[in-house]
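Down below is the structure, laid out as structure tokens.
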Amino acid sequence: MAGSAQPPTAAAGNGGGPDGGSLSGDGEAFGDRSLSQGLSVLVGLALCVTMLGLGCAVELGQLGHQLRRPVGLLLALLAQFVAMPLLAFLLALIFALDEVAAVAVLLCGCCPGGNLSNLMSVLVDGDMNLSIIMTASSTLLALFLMPLCLWIYSRHWINTALVRLLPLGAVSLTLGSTLLPIGLGVLIRYRHPRAADLLVKISLWSLLVTLVILFILTGTMLGPDLLAHIPASVYAIAVLMPLAGYALGYGLATVFKMPPHCRRTVSLETGCQNVQLCTAILKLTFPPELIGGMYMFPLLYALFQSAEAGLFVLVYKMYGRDSYKQDTLGEEEDTDISYKKLKEEEVADTSYGTVTTEEHNSIQMEPTQTAL
């Protein structure tokens, strides 16, 4: 295996072209510096905190409801393991990525939804229950479907050393390790709801802090030539992929004829990937001399998915929130009118109940009696 891993590194050392393969030479920065060990610990802890927060956001009652009517489960399956992996594969082909960049893009596309979407769903008045269930469902489904998707879509690059060494077993092991903090979070939610609410907030803040730290540490390890080593095609995919994911999610929810607030939720769930998981898999399961600087791709994806989701929220706050309030107010007014009509009918029935009983016999006699 060591011999088969040599060609990508050698190619990078000879100053290969400006594609994903040239980044593999930067893997020495990850392997030779002691800072790499601290980075691995940080990635592992960030993943545990993220999964713990996800578990704390799940309520057993919601899970039971979704099992009886598994719309969220079906949407998570279609969005995260049909639409996004296919999108990542097509983008890798369109931009003619080499095996190193393609594996990083595919890995990010095959990841389950991230809890950034839960926060964004709140900001666009989405369906929080649907958002949490989709995130949790896709995370559990990833245990089986993520390695399967990677195996299917990496066939195009099967003759390369990196894909032949694709550690599907290690990917499955990393995914399996996330079940423990998720289960612990569900237990905390069941027994200590207030503590669970606090942990959810901590996990959301840790997402931002972790990404900032990872950017700083990775930039330190790779040095000032980082931007020069990342090809323009990778930047383009990091911009287009979350944007296309948001559009695909909205279209998917439209096909299911869901209401507008659910469409916004599914849109965010589809485009927001679990970049902590993607980063952990790249860092903990792939040899650094092979994956090299493409370790940066999920960080770039996180940057652009957050920026684009922020624009989504901004546009909604400026143009969509008023219509949402009007729709909500209209529903409340309809409810009030219906209630008033119902009360009036009840009053009418009570006042003239005796008249209607003998309506056919005394309807003409009553006006005379009333006049008297």
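Backbone N, Cα and C define each Cβ position, glycine as well.
Keep in mind that this is a model prediction, so the values were computed, not measured.
Taken from TrEMBL, the feature region 'Disordered' covers 1-23 (among others).
Taken from TrEMBL, the feature compositional bias 'Gly residues' covers 13-23.
If you look up TrEMBL, you'll see 39-61 (among others) marked as transmembrane segment. Among residues of the same chain six or more beyond the transmembrane segment (39-61), those with a C-beta under 8 A of the stretch's C-beta atoms are 30, 114-115, 118, 132-133, 135-136, 139, 178, 181-190, 196-197, 199-200, 202-204, 206-207, 210, 213-214, 217-218, 221, 274, 276-277, 279-280, 283-284.
What TrEMBL lists as transmembrane segment is 73-97 (among others). Within its own chain, the transmembrane segment (73-97) is flanked in space by residues 19-20, 66, 105-106, 108-113, 130, 133-135, 137-138, 141-142, 145-146, 149, 152-153, 156, 233-234, 236-237, 240-241, 244-245, 248-249, 252-253, 256, 266, 269-270, 273, which lie at least six positions past its ends and keep a Cβ under 8 Å from the stretch.
TrEMBL lists 130-153 (among others) with the feature transmembrane segment.
Positions annotated as transmembrane segment by TrEMBL: 165-190 (among others).
According to TrEMBL, the feature transmembrane segment maps to 202-222 (among others).
Under 8 Å from some Cβ of the transmembrane segment (234-253) lie the Cβ atoms of residues 20, 75, 78-79, 83-84, 87-88, 91-92, 95, 97, 101, 105, 108-109, 262-273, 294, 297, 300-301, 303-305, 308-309, 312, all in the same chain and six or more residues away from its ends. The transmembrane segment annotation in TrEMBL covers 234-253 (among others).
Summarising the annotation, TrEMBL assigns transmembrane segment to 295-316 (among others).
Summarising the annotation, TrEMBL assigns region 'Disordered' to 350-372 (among others).
Taken from TrEMBL, the feature compositional bias 'Polar residues' applies to 351-372.
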